[in-house]
Amino acid sequence: MLTSILCIASLITFLEAHISVKNEKFEPLSDDIISYINEHPNAGWRAEKSNRFHSLDDARIQMGARREEPDLRRKRRPTVDHNDWNVEIPSNFDSRKKWPGCKSIATIRDQSRCGSCWSFGAVEAMSDRSCIQSGGKQNVELSAVDLLTCCESCGLGCEGGILGPAWDYWVKEGIVTASSKENHTGCEPYPFPKCEHHTKGKYPPCGSKIYNTPRCKQTCQRKYKTPYTQDKHRGKSSYNVKNDEKAIQKEIMKYGPVEASFTVYEDFLNYKSGIYKHITGEALGGHAIRIIGWGVENKTPYWLIANSWNEDWGENGYFRIVRGRDECSIESEVIAGRIN
(Lines of atoms letter the chains of each structure in order from A and count residues from 1; the text may use other names and numbers.)
(Lines give C-alpha, C1' and ligand atoms only; values in the text may rest on other atoms or scores of the structure.)
Protein backbone atom coordinates (compact mmCIF):
# COMPACT_ATOMS: atom_id res chain seq x y z
CA MET A 1 0.00 0.00 0.00
CA LEU A 2 2.81 2.38 0.94
CA THR A 3 4.61 1.51 -2.29
CA SER A 4 1.50 2.35 -4.30
CA ILE A 5 1.12 5.70 -2.54
CA LEU A 6 4.77 6.55 -3.16
CA CYS A 7 4.45 5.62 -6.84
CA ILE A 8 1.35 7.79 -7.24
CA ALA A 9 3.05 10.68 -5.45
CA SER A 10 6.10 10.35 -7.70
CA LEU A 11 3.88 10.27 -10.79
CA ILE A 12 2.04 13.42 -9.70
CA THR A 13 5.35 15.18 -9.05
CA PHE A 14 6.62 14.14 -12.50
CA LEU A 15 3.46 15.32 -14.23
CA GLU A 16 3.49 18.62 -12.37
CA ALA A 17 7.11 19.19 -13.36
CA HIS A 18 6.38 18.23 -16.97
CA ILE A 19 3.40 20.55 -17.20
CA SER A 20 5.36 23.34 -15.53
CA VAL A 21 8.17 23.11 -18.11
CA LYS A 22 5.77 22.80 -21.03
CA ASN A 23 3.69 25.79 -19.98
CA GLU A 24 6.50 27.95 -18.66
CA LYS A 25 6.39 31.51 -19.97
CA PHE A 26 9.67 33.05 -21.11
CA GLU A 27 10.49 36.65 -21.85
CA PRO A 28 10.88 36.65 -25.67
CA LEU A 29 14.27 38.40 -25.78
CA SER A 30 15.78 36.87 -22.65
CA ASP A 31 18.63 34.49 -21.92
CA ASP A 32 16.04 32.08 -20.52
CA ILE A 33 14.24 31.56 -23.82
CA ILE A 34 17.55 31.14 -25.65
CA SER A 35 18.70 28.51 -23.16
CA TYR A 36 15.35 26.75 -23.37
CA ILE A 37 15.53 26.53 -27.18
CA ASN A 38 19.19 25.47 -27.31
CA GLU A 39 18.63 22.79 -24.67
CA HIS A 40 15.36 21.55 -26.17
CA PRO A 41 15.91 17.99 -27.48
CA ASN A 42 13.60 18.44 -30.47
CA ALA A 43 14.29 22.03 -31.49
CA GLY A 44 16.56 21.39 -34.48
CA TRP A 45 17.78 24.99 -34.57
CA ARG A 46 20.02 27.35 -32.64
CA ALA A 47 19.06 30.56 -30.89
CA GLU A 48 21.38 33.46 -30.14
CA LYS A 49 21.20 36.56 -27.96
CA SER A 50 19.88 39.53 -29.88
CA ASN A 51 20.34 43.24 -29.38
CA ARG A 52 18.12 44.27 -32.28
CA PHE A 53 14.72 44.54 -30.60
CA HIS A 54 14.04 46.70 -27.55
CA SER A 55 10.50 45.39 -27.10
CA LEU A 56 7.86 43.26 -28.76
CA ASP A 57 6.30 46.40 -30.21
CA ASP A 58 9.66 47.09 -31.82
CA ALA A 59 9.67 43.58 -33.28
CA ARG A 60 6.14 43.82 -34.61
CA ILE A 61 7.20 46.66 -36.91
CA GLN A 62 8.89 44.07 -39.12
CA MET A 63 5.75 41.90 -39.27
CA GLY A 64 4.07 43.62 -42.20
CA ALA A 65 2.31 40.72 -43.93
CA ARG A 66 -1.46 40.98 -43.72
CA ARG A 67 -3.60 37.94 -44.46
CA GLU A 68 -5.88 37.97 -47.49
CA GLU A 69 -9.30 36.45 -46.83
CA PRO A 70 -9.51 32.98 -48.49
CA ASP A 71 -12.70 33.87 -50.38
CA LEU A 72 -11.06 37.00 -51.77
CA ARG A 73 -7.95 35.07 -52.78
CA ARG A 74 -10.04 32.60 -54.77
CA LYS A 75 -12.11 35.38 -56.34
CA ARG A 76 -9.23 37.64 -57.34
CA ARG A 77 -6.93 35.11 -59.00
CA PRO A 78 -6.77 31.40 -59.92
CA THR A 79 -5.07 28.74 -57.79
CA VAL A 80 -2.65 26.31 -59.44
CA ASP A 81 -1.85 22.80 -58.19
CA HIS A 82 0.29 21.37 -61.05
CA ASN A 83 -1.38 17.96 -60.71
CA ASP A 84 -1.12 17.58 -64.49
CA TRP A 85 2.68 17.96 -64.44
CA ASN A 86 4.35 14.62 -63.79
CA VAL A 87 7.93 15.23 -62.78
CA GLU A 88 10.37 13.71 -60.33
CA ILE A 89 10.93 16.13 -57.48
CA PRO A 90 14.55 16.07 -56.21
CA SER A 91 15.31 15.86 -52.50
CA ASN A 92 17.30 19.10 -52.75
CA PHE A 93 16.76 22.15 -54.94
CA ASP A 94 18.38 25.59 -54.86
CA SER A 95 17.30 28.27 -57.35
CA ARG A 96 20.68 29.99 -56.99
CA LYS A 97 22.35 26.91 -58.46
CA LYS A 98 19.64 26.17 -61.02
CA TRP A 99 19.77 29.68 -62.50
CA PRO A 100 23.23 31.09 -61.60
CA GLY A 101 23.00 33.79 -64.27
CA CYS A 102 20.08 35.49 -62.52
CA LYS A 103 21.85 37.70 -59.99
CA SER A 104 18.73 38.73 -58.10
CA ILE A 105 18.16 35.20 -56.74
CA ALA A 106 21.28 35.37 -54.57
CA THR A 107 20.69 38.97 -53.49
CA ILE A 108 19.63 39.59 -49.88
CA ARG A 109 17.91 42.94 -49.39
CA ASP A 110 17.06 44.97 -46.28
CA GLN A 111 13.62 46.39 -45.52
CA SER A 112 15.10 48.60 -42.76
CA ARG A 113 12.69 50.18 -40.25
CA CYS A 114 9.59 49.67 -42.37
CA GLY A 115 6.96 46.92 -42.38
CA SER A 116 7.57 46.41 -46.10
CA CYS A 117 8.33 42.69 -46.07
CA TRP A 118 5.26 42.09 -48.25
CA SER A 119 6.71 44.41 -50.91
CA PHE A 120 10.23 42.97 -50.69
CA GLY A 121 9.13 39.35 -50.91
CA ALA A 122 7.09 40.26 -53.97
CA VAL A 123 9.62 42.29 -55.98
CA GLU A 124 12.42 39.85 -55.13
CA ALA A 125 10.48 36.90 -56.54
CA MET A 126 9.25 38.99 -59.48
CA SER A 127 12.85 39.97 -60.28
CA ASP A 128 13.94 36.34 -60.14
CA ARG A 129 11.08 35.22 -62.36
CA SER A 130 11.60 38.01 -64.88
CA CYS A 131 15.16 36.80 -65.39
CA ILE A 132 14.34 33.08 -65.39
CA GLN A 133 11.34 33.29 -67.68
CA SER A 134 13.03 35.68 -70.13
CA GLY A 135 16.05 33.43 -70.45
CA GLY A 136 18.25 36.02 -68.77
CA LYS A 137 17.18 38.97 -70.95
CA GLN A 138 15.44 40.75 -68.05
CA ASN A 139 18.19 40.51 -65.43
CA VAL A 140 16.84 43.28 -63.22
CA GLU A 141 16.06 44.26 -59.64
CA LEU A 142 12.56 45.62 -59.26
CA SER A 143 11.73 48.48 -56.91
CA ALA A 144 10.27 47.70 -53.50
CA VAL A 145 9.47 51.37 -52.90
CA ASP A 146 7.59 51.75 -56.20
CA LEU A 147 5.27 48.92 -55.15
CA LEU A 148 5.21 50.03 -51.51
CA THR A 149 4.08 53.57 -52.26
CA CYS A 150 1.96 53.30 -55.41
CA CYS A 151 -0.13 50.17 -54.86
CA GLU A 152 -3.18 51.55 -53.05
CA SER A 153 -4.97 48.18 -53.00
CA CYS A 154 -2.00 46.49 -51.31
CA GLY A 155 -2.41 47.97 -47.85
CA LEU A 156 -0.75 50.60 -45.71
CA GLY A 157 2.83 50.82 -46.98
CA CYS A 158 5.30 50.67 -44.08
CA GLU A 159 2.48 49.59 -41.77
CA GLY A 160 1.88 46.40 -43.72
CA GLY A 161 0.36 45.02 -46.90
CA ILE A 162 -1.24 42.02 -48.58
CA LEU A 163 0.73 39.69 -50.83
CA GLY A 164 -1.84 38.88 -53.53
CA PRO A 165 -2.71 42.44 -54.58
CA ALA A 166 1.01 43.19 -54.94
CA TRP A 167 1.26 40.56 -57.67
CA ASP A 168 -1.96 41.79 -59.28
CA TYR A 169 -0.43 45.29 -59.36
CA TRP A 170 2.66 43.94 -61.13
CA VAL A 171 0.40 42.60 -63.88
CA LYS A 172 -1.85 45.66 -64.18
CA GLU A 173 0.57 48.55 -63.63
CA GLY A 174 4.11 47.18 -63.74
CA ILE A 175 7.04 48.01 -61.44
CA VAL A 176 10.22 49.98 -62.20
CA THR A 177 13.83 49.02 -61.46
CA ALA A 178 15.80 49.89 -58.33
CA SER A 179 18.53 48.96 -55.89
CA SER A 180 19.37 49.74 -52.27
CA LYS A 181 19.88 53.23 -50.84
CA GLU A 182 23.60 52.45 -50.65
CA ASN A 183 23.99 51.40 -54.32
CA HIS A 184 21.46 53.96 -55.54
CA THR A 185 21.03 52.58 -59.06
CA GLY A 186 17.93 52.00 -61.16
CA CYS A 187 14.84 54.16 -61.50
CA GLU A 188 13.63 54.33 -57.90
CA PRO A 189 16.08 53.06 -55.24
CA TYR A 190 14.92 52.15 -51.75
CA PRO A 191 15.06 55.31 -49.58
CA PHE A 192 15.84 53.68 -46.22
CA PRO A 193 19.34 52.53 -45.14
CA LYS A 194 20.44 49.03 -44.26
CA CYS A 195 20.60 48.41 -40.52
CA GLU A 196 21.16 45.57 -38.09
CA HIS A 197 18.10 43.45 -37.34
CA HIS A 198 18.57 41.89 -33.87
CA THR A 199 22.22 41.07 -34.48
CA LYS A 200 25.64 42.75 -34.36
CA GLY A 201 27.32 43.55 -37.66
CA LYS A 202 28.74 46.15 -39.99
CA TYR A 203 25.57 48.24 -40.28
CA PRO A 204 24.27 50.71 -37.67
CA PRO A 205 21.44 49.57 -35.37
CA CYS A 206 17.98 49.99 -36.83
CA GLY A 207 16.86 52.12 -33.89
CA SER A 208 13.37 52.62 -32.55
CA LYS A 209 11.89 54.84 -35.26
CA ILE A 210 9.51 53.42 -37.88
CA TYR A 211 9.75 55.26 -41.16
CA ASN A 212 6.71 56.93 -42.65
CA THR A 213 5.60 55.59 -46.01
CA PRO A 214 6.98 57.86 -48.76
CA ARG A 215 4.59 59.33 -51.30
CA CYS A 216 4.09 57.72 -54.71
CA LYS A 217 6.44 59.68 -57.01
CA GLN A 218 6.00 57.99 -60.40
CA THR A 219 9.30 59.51 -61.52
CA CYS A 220 12.82 58.12 -61.72
CA GLN A 221 15.80 59.58 -59.89
CA ARG A 222 17.39 62.46 -61.76
CA LYS A 223 20.51 60.67 -63.02
CA TYR A 224 18.54 57.72 -64.43
CA LYS A 225 18.00 58.20 -68.18
CA THR A 226 14.98 55.95 -68.84
CA PRO A 227 11.57 57.59 -68.20
CA TYR A 228 9.42 56.11 -65.45
CA THR A 229 6.70 54.74 -67.73
CA GLN A 230 9.25 53.13 -70.05
CA ASP A 231 11.09 51.50 -67.14
CA LYS A 232 8.04 49.50 -66.05
CA HIS A 233 8.34 45.70 -66.00
CA ARG A 234 5.06 43.83 -66.08
CA GLY A 235 3.82 40.36 -65.41
CA LYS A 236 1.32 38.57 -67.62
CA SER A 237 -0.47 36.66 -64.86
CA SER A 238 -0.65 36.34 -61.08
CA TYR A 239 -1.99 33.34 -59.18
CA ASN A 240 -2.15 31.50 -55.88
CA VAL A 241 -0.25 28.26 -55.38
CA LYS A 242 -2.20 25.53 -53.63
CA ASN A 243 -1.36 24.78 -50.00
CA ASP A 244 0.45 21.61 -50.99
CA GLU A 245 4.13 20.76 -50.66
CA LYS A 246 4.48 19.19 -54.12
CA ALA A 247 2.54 21.98 -55.82
CA ILE A 248 4.90 24.58 -54.33
CA GLN A 249 7.98 22.54 -55.27
CA LYS A 250 6.82 22.12 -58.87
CA GLU A 251 6.06 25.83 -59.14
CA ILE A 252 9.57 26.76 -57.97
CA MET A 253 11.26 24.14 -60.17
CA LYS A 254 9.49 25.32 -63.30
CA TYR A 255 9.11 29.08 -62.88
CA GLY A 256 11.35 30.23 -60.01
CA PRO A 257 11.13 31.45 -56.39
CA VAL A 258 7.76 32.31 -54.87
CA GLU A 259 6.54 34.72 -52.22
CA ALA A 260 4.96 33.37 -49.04
CA SER A 261 4.06 34.53 -45.56
CA PHE A 262 4.24 32.82 -42.19
CA THR A 263 3.25 33.48 -38.60
CA VAL A 264 6.14 34.80 -36.51
CA TYR A 265 6.28 33.58 -32.92
CA GLU A 266 8.37 35.05 -30.13
CA ASP A 267 11.04 32.36 -30.37
CA PHE A 268 11.83 33.22 -34.02
CA LEU A 269 13.26 36.58 -32.91
CA ASN A 270 16.24 34.64 -31.56
CA TYR A 271 16.86 32.47 -34.66
CA LYS A 272 20.50 32.03 -35.66
CA SER A 273 20.80 28.78 -37.64
CA GLY A 274 19.27 25.39 -38.31
CA ILE A 275 15.81 24.24 -39.36
CA TYR A 276 13.27 26.37 -37.55
CA LYS A 277 10.06 25.13 -36.02
CA HIS A 278 7.95 26.83 -33.38
CA ILE A 279 9.06 25.79 -29.88
CA THR A 280 7.70 28.40 -27.48
CA GLY A 281 6.13 31.84 -27.33
CA GLU A 282 3.08 33.63 -28.66
CA ALA A 283 2.30 34.83 -32.18
CA LEU A 284 3.50 38.34 -33.06
CA GLY A 285 2.20 38.78 -36.60
CA GLY A 286 2.80 37.83 -40.22
CA HIS A 287 6.05 38.15 -42.16
CA ALA A 288 6.53 37.82 -45.92
CA ILE A 289 9.56 36.11 -47.43
CA ARG A 290 10.82 34.40 -50.60
CA ILE A 291 11.09 30.61 -50.89
CA ILE A 292 13.98 29.73 -53.21
CA GLY A 293 14.34 25.98 -52.66
CA TRP A 294 14.28 23.06 -50.28
CA GLY A 295 16.34 20.22 -48.86
CA VAL A 296 16.70 17.57 -46.18
CA GLU A 297 19.08 17.59 -43.22
CA ASN A 298 19.26 14.82 -40.62
CA LYS A 299 16.05 13.39 -42.12
CA THR A 300 14.23 16.69 -41.56
CA PRO A 301 12.75 18.25 -44.74
CA TYR A 302 12.97 22.03 -44.98
CA TRP A 303 12.23 25.06 -47.12
CA LEU A 304 15.17 27.33 -48.02
CA ILE A 305 14.08 30.92 -47.51
CA ALA A 306 15.54 34.36 -48.25
CA ASN A 307 14.68 37.00 -45.66
CA SER A 308 14.84 40.81 -46.03
CA TRP A 309 16.86 41.66 -42.90
CA ASN A 310 20.26 41.84 -44.72
CA GLU A 311 22.99 39.21 -44.90
CA ASP A 312 24.15 39.60 -41.28
CA TRP A 313 20.96 37.99 -40.00
CA GLY A 314 20.42 34.22 -39.66
CA GLU A 315 22.30 31.99 -42.09
CA ASN A 316 23.82 34.82 -44.16
CA GLY A 317 20.40 36.36 -44.69
CA TYR A 318 18.59 33.06 -45.15
CA PHE A 319 16.76 30.67 -42.86
CA ARG A 320 15.28 27.21 -43.08
CA ILE A 321 11.92 26.04 -41.79
CA VAL A 322 10.33 22.61 -41.52
CA ARG A 323 8.68 21.60 -44.80
CA GLY A 324 5.54 19.63 -45.56
CA ARG A 325 3.38 20.25 -42.50
CA ASP A 326 2.47 23.92 -42.99
CA GLU A 327 4.75 24.99 -40.14
CA CYS A 328 3.65 28.44 -38.94
CA SER A 329 1.30 28.54 -41.99
CA ILE A 330 4.31 28.81 -44.33
CA GLU A 331 2.49 26.84 -47.06
CA SER A 332 -0.94 28.49 -46.65
CA GLU A 333 -0.43 31.69 -48.64
CA VAL A 334 2.00 31.22 -51.53
CA ILE A 335 1.77 33.69 -54.43
CA ALA A 336 3.46 33.70 -57.82
CA GLY A 337 3.16 34.98 -61.39
CA ARG A 338 4.56 34.78 -64.89
CA ILE A 339 5.80 37.20 -67.53
CA ASN A 340 4.83 34.99 -70.49
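For all residues, glycine too, the Cβ spot is worked out from N, Cα and C.
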- Query: Pick from Cys117, Cys131, Cys150: which one does Swiss-Prot say forms the disulfide with Cys216?
  - Reply: Cys150
- Item | Cysteine from Cys195, Cys220 that Swiss-Prot links to Cys206 by a disulfide bond | Cys195
- Candidates Cys154, Cys158; Swiss-Prot says the disulfide mate of Cys151 is Cys154
- Query: Between Cys102, Cys114, Cys117, which residue forms the disulfide that Swiss-Prot gives for Cys158?
  - Reply: Cys114
- Task: Among the disulfide-bonded residues Cys114, Cys158, point out the residue whose Cβ has the most other Cβ atoms within 10 Å, with all shown protein chains included in the count.
- Result: Cys114
- Note on the structure: Listed recorded positions Cys102, Cys117, Cys150, Cys187, His287, Asn307; those within 10 A of Cys158 (disulfide bond), CA to CA, turn out to be Cys117
- Counting all other Cβ atoms within 10 Å across every protein chain shown, which of the disulfide-bonded residues Cys102, Cys150, Cys195 scores highest? Cys102
- Query: If you run the three-state DSSP split on Cys117 (active site), which class comes out?
  - Reply: helix
- Among Cys114, Cys131, Asn307, i.e. the recorded positions, the one with its Cα nearest that of Cys150 (disulfide bond) is Cys114
- Note on the structure: Cys220 (disulfide bond), Cβ-centred 10 Å count of other Cβ atoms over all protein chains shown, is 23
